[in-house]
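Asks: Pasting in a structure now, in structure tokens, and then I'll have a few things to ask.
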Amino acid sequence: MKVWSKVSSLVQNQTSTFHATSFLSSTPDNYLLTKCIALLQSCASSKHKLRQIHAFSIRHGVSLHHPDMAKHLIFTIVSLSEPMSYAYNVFTMIHNPNVFTWNTMIRGYAESQNPNPALHFYRQMIVSRVEPDTHTYPFLLKAISKSLNVREGEAIHSVTIRNGFESLVFVQNSLLHIYSACGDTDSAYKVFELMKERDLVAWNSVINGFALNGRPNEALTLFRGMSVEGVEPDGFTVVSLFSACAELGALELGRRVHVYLLKVGLRENSYVTNSLLDLYAKCGAIREAQLVFSEMSERNAVSWTSLIVGLAVNGFGEEALELFKEMEGQRLVPSEITFVGVLYACSHCGMLDEGFEYFRRMKEEYGIMPRIEHYGCMVDLLSRAGLVKQAYEYIQNMPVKPNAVIWRTLLGACTIHGHLRLGEIARSHILKLEPKHSGDYVLLSNLYASERRWSDVQVVRRSMLEDGVKKTPGYSLVELGNRVYEFTMGDRSHPQSQDVYALLEKITELLKLEGYVPHTANVLADIEEEEKEQALSYHSEKVAVAFMLLNTAPGSPIRVVKNLRVCADCHMAIKLVSKIYDREIVIRDRSRFHHFRGGSCSCKDYW
């Protein structure tokens with residue numbers, strides 16, 4: 001409405017500001033109409049000129065009821081990204097809008113921050129007996145993908161099949177995008193398989209869909225297929241590949257993609273280099289992430305934030321905080337994500353007072369309203385400092401409702417610091433929020449085990465069976481050559497299993513010479529101590545480390561990605577392995593990075 005008011009006011013003083021007024025005012029109406037349309041077509045980069053022409057047409061009687069005038073006016077409004085309320089007001093003055101005008105309105109909403117009206121306009125278009133054409137569905141599907149409404153996408157997909165538009169490349173690409181954006185990667189891949197012609201957009205959509213929805217192996221397999229078909233990747237492809245490599249911990253493959261982007265000249269693309277920085281940080285190669293950062297010709301707030309968060313989660317909290325001070329010195333404005341990294345760094349370094357000071361500054365100096373992630377960092381900060389009761393009080397006084405992650409943080413702290421009563425309270429809250437999470441049963445079971453309350457351990461395990469909750473199987477991933485290998489507890493499926501388990505036995509003997517005693521406290525009490533030790537020896541991360549010791553050069557780093565938390569026994573054992581074999585061993589588990597070197601860990605043994 002504000003834009004419409006501006007146009008009306010411009011009508012009053014248009015003669016002095018619009019150079020063509022004196023020439024056009026005496027011309028016939030058809031000539032005026034033609035001239036106004038020509039002027040609209042020439043003002044593609046000037047919003048002010050658009051309003052002048054609109055005001056001039058009103059003053060000189062060029063009716064918006066004429067479909068050609070309204071069509072071009074709406075097209076120009078949408079092309080200049082003017083408010084859709086402006087376009088809508090013009091649209092309401094048209095008696096019989098044609099398919100081009102309907103499509104333009106759908107496109108305008110699809111490209112706006114509120115895409116939902118696009119579907120309403122499509123339905124009104126059908127009611128008005130205007131047949132959609134080849135341009136209607138790509139715009140409509142774009143709007144649906146932005147609103148993440150997969151059911152509407154499926155409905156429109158059916159319509160495109162009935163109307164014979166499904167085989168058009170831009171319709172297929174739009175369908176690919178919507179299924180990928182909504183997380184329905186199987187449907188996206190079905191559309192992809194049926195395409196006779198696959199352009200770069202199609203490959204990027206399906207690769208990105210797999211990469212962002214927890215299926216990195218499929219993303220990398222598709223990339224290999226893309227290479228076989230001779231389709232050259234671009235910046236979007238590279239970003240998706242980095243995401244997939246980070247998920248799998250496939251650092252070597254990521255390095256090869258890094259070489260490729262240097263070769264084809266993508267190093268100046270900030271979106272690509274930020275993704276590269278993120279890849280190295282998520283693979284535990286934090287020094288390489290710092291090198292990428294130092295070589296960037298232009299660093300934006302995302303670059304600084306990526307490295308700050310990367311340093312924090314890799315256990316280099318002091319460096320993360322120093323980098324944040326540098327960022328402030330550059331007068332860059334930190335985001336809410338930046339402060340997640342800062343608060344996490346304070347937690348990791350045990351900087352209690354500094355953490356609360358940064359939390360205050362985030363609110364008061366930068367005007368960032370704390371989100372649940374920030375409160376989670378504060379609970380973790382108190383918990384890591386051993387202030388479990390204060391952490392519980394903090395949760396009770398939070399202005400937002402605590403989620404399961406926050407209660408789980410408290411439960412983990414109770415397990416570490418031996419607060420049984422608070423642990424049971426935390427577990428009761430988690431049961432209301434996420435009753436089927438197997439990790440919570442394990443944490444509570446471990447808490448009872450640490451108190452040697454074996455009957456309660458059995459009750460927890462029995463309730464898991466009764467509730468139909470299955471413990472998430474642990475697995476560890478390592479990259480060797482061009483492959484990513486997966487190991488599970490006691491896994492003997494690999495051809496080298498015999499050699500791997502022989503090395504594990506040797507490692508156990510060497511560990512005992514270093515004073516290692518298996519941490520069997522949390523292993524179920526109904527088996528013998530020797531069986532407990534054997535069970536611990538075959539945890540997936542130990543199998544993975546032994547496999548890499550066999551197959552990599554002495555002194556080279558070993559990187560492992562684990563889906564669950566590293567247990568206390570594995571943590572203690574791998575510290576000693578790093579010392580005995582003089583290896584840096586980096587393990588990324590569900591909650592943090594562990595950089596083992598020379599018999600110590602970057603996490604400072606928060607167990």
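Placement of Cβ uses the backbone N, Cα and C atoms for every residue, glycine included.
Small disclaimer: the values here were computed from a predicted structure and weren't measured.
So TrEMBL lists these for the protein:
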{"type": "DOMAIN", "residues": "515-607", "note": "domain 'DYW'"}
{"type": "REPEAT", "residues": "98-132", "note": "repeat 'PPR'"}
{"type": "REPEAT", "residues": "199-233", "note": "repeat 'PPR'"}
{"type": "REPEAT", "residues": "269-299", "note": "repeat 'PPR'"}
{"type": "REPEAT", "residues": "300-334", "note": "repeat 'PPR'"}
{"type": "REPEAT", "residues": "335-365", "note": "repeat 'PPR'"}
Asks: For the repeat 'PPR' (98-132), what does DSSP give as the number of helix, strand and coil residues?
Replies: 23 helix, 0 strand, 12 coil
Asks: What are the DSSP helix, strand and coil residue counts for the repeat 'PPR' (269-299)?
Replies: 23 helix, 0 strand, 8 coil
Asks: By DSSP, how many residues in the repeat 'PPR' (199-233) are helix, how many strand, and how many coil?
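Replies: So the counts come to 26 helix, 0 strand, 9 coil.
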Asks: Please list the DSSP helix, strand and coil residue counts for the repeat 'PPR' (300-334).
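Replies: Summed by class, the stretch gives 26 helix, 0 strand, 9 coil.
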Asks: Can you tell me how the residues of the repeat 'PPR' (335-365) break down into helix, strand and coil by DSSP?
Replies: 27 helix, 0 strand, 4 coil
